[in-house]
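According to TrEMBL, the protein has these features:
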- Glu83: active site, proton donor (ACT_SITE)
- Asp216: active site (ACT_SITE)
- Glu325: active site, proton donor (ACT_SITE)
- Glu350: active site (ACT_SITE)
- Thr436: Ca(2+) binding site (BINDING)
- Cys279-Cys311: disulfide bond (DISULFID)
Amino acid sequence: VSLQMMKHAWDNYKRYAWGLNELKPISKQGHSSNLFGNIQGATIVDALDTLYIMEMKEEFKEAKDWVEKNLDFNVNAEISVFEVNIRFVGGLLSAYYLSGEEIFRKKAVELGEKLLPAFNTPTGIPWALLNIKSGIGRNWPWASGGSSILAEFGTLHLEFVHLSHLSGNPVFAEKVMNIRKVLNRLDKPEGLYPNYLNPSSGQWGQHHVSIGGLGDSFYEYLLKAWLMSDKTDEEGKKMYYDAVQAIETHLIRKSSGGLTYIAEWKGGLLEHKMGHLTCFAGGMFALGADGAPSDKTGHHIELGAEIARTCHESYDRTSMKLGPEAFRFDGGVEAIATRQNEKYYILRPEVIETYMYMWRLTHDPKYRQWAWEAVEALEKHCRVDGGYSGIRDVYNNHESHDDVQQSFFLSETLKYLYLLFSDDDILPFEHWVFNTEAHPLPILHKEDGSKEEKQK
């Protein structure tokens, strides 16, 4: 089924928005998000590896030809360093590792080089936004006192280590290792990492902590850096398990109805709200269970299972059986969105991602059952003639579509569904680590060191 869904999403993108970033499936035209500046083709680059693993060979070839002829980074525009890294660099790296086609390696390294000026700050903590022609960076104007964002500068590590590996140029890995040095020097409030860090002073901004947006993938990348290093990156490992300890102490709570959730922390006060993005953490805890202190392995799996259940409830408690952007545990409500601006669903993958990890690590059939419910809901409410669209209010009985088919729907949501209903030997965890956009990167075994010399 995920194959047919992919075909529907891809064919319509090709028909109505080919070469543009994303598809508007109702207006049947292209959609360009300002996150990518003037770089085009986000859906193509994001979908390459999904097309490859689903064996959609014709489509993969068309996509590759487009990349070869049309993917251009010499544009005068400001881009999000984080989004371009996880979608474009990540997508190109995976396409290279899966297919061996040199064009993808070449483009990934070329784009990596264009991103390097983002690190030209007094601390080496990169800017959020970068003009890739002029090399001038800045931060989001809304971010606490000119700060960079934890999830953004903390989600470059996997890709940049691979860029060094494939180019033989150590600078990429050095830039991301330096970010850790800065973080390790700083005092963490209660062992937690605030979401804001000033790249000039090297000091924290507001003491807000979240495992959802603004924080999420930083934690994921600590664990995955250790896994990707073939478990040799002890620093990444320690930072991850220490962070989980602080998260358990300060952020993880149980509702009166028995649902485990991860709250947000604002200067010592808890907000009992959990975002859809935070639902990725169930899969993260389960993936990290194996490396936890020996008496804690079962506990981490259990934590993953409990988060998966809470997130399933957030889906189950809506009319459409699709989860809202954020849901709350206060004033007598549990796992329900209480604000209009949190009731939307934009084809996000995090809940399905957690089901996929839980399925692979426990083989409990309920995860396939839950994922199947999500498939039925997507088909019923999000599928339209021209592709798949997000929904403005999942509690409403009639659909109000947002008219965007996000590139991550093809990269993540459909890939995780495909893996969930496939055998475990497709992209097995002993060989692959997924970046935060679900792009698989190979684990770098110790004997791979010589490759860098050969690539020069």
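Numbering starts at 1 and runs along the chain as displayed.
In case you wondered, yes, glycine gets a Cβ from its N, Cα and C as well.
Positions of the features from TrEMBL, shown on the structure.
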residue: Glu83; record: active site, proton donor; Cβ neighbours (10 Å): 22
residue: Asp216; record: active site; Cβ neighbours (10 Å): 25
residue: Cys279; record: disulfide bond; Cβ neighbours (10 Å): 30
residue: Cys311; record: disulfide bond; Cβ neighbours (10 Å): 28
residue: Glu325; record: active site, proton donor; Cβ neighbours (10 Å): 20
residue: Glu350; record: active site; Cβ neighbours (10 Å): 24
residue: Thr436; record: Ca(2+) binding site; Cβ neighbours (10 Å): 26
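Glu83 (active site, proton donor) sits 10 Å from Thr436 (Ca(2+) binding site), taking the C-alpha atoms as the reference points.
In this structure, the CA atom of Thr436 (Ca(2+) binding site) is 18 Å away from the CA atom of Glu325 (active site, proton donor). Cα spacing between Glu350 (active site) and Cys279 (disulfide bond): 6 Å, rounded to the nearest whole number.
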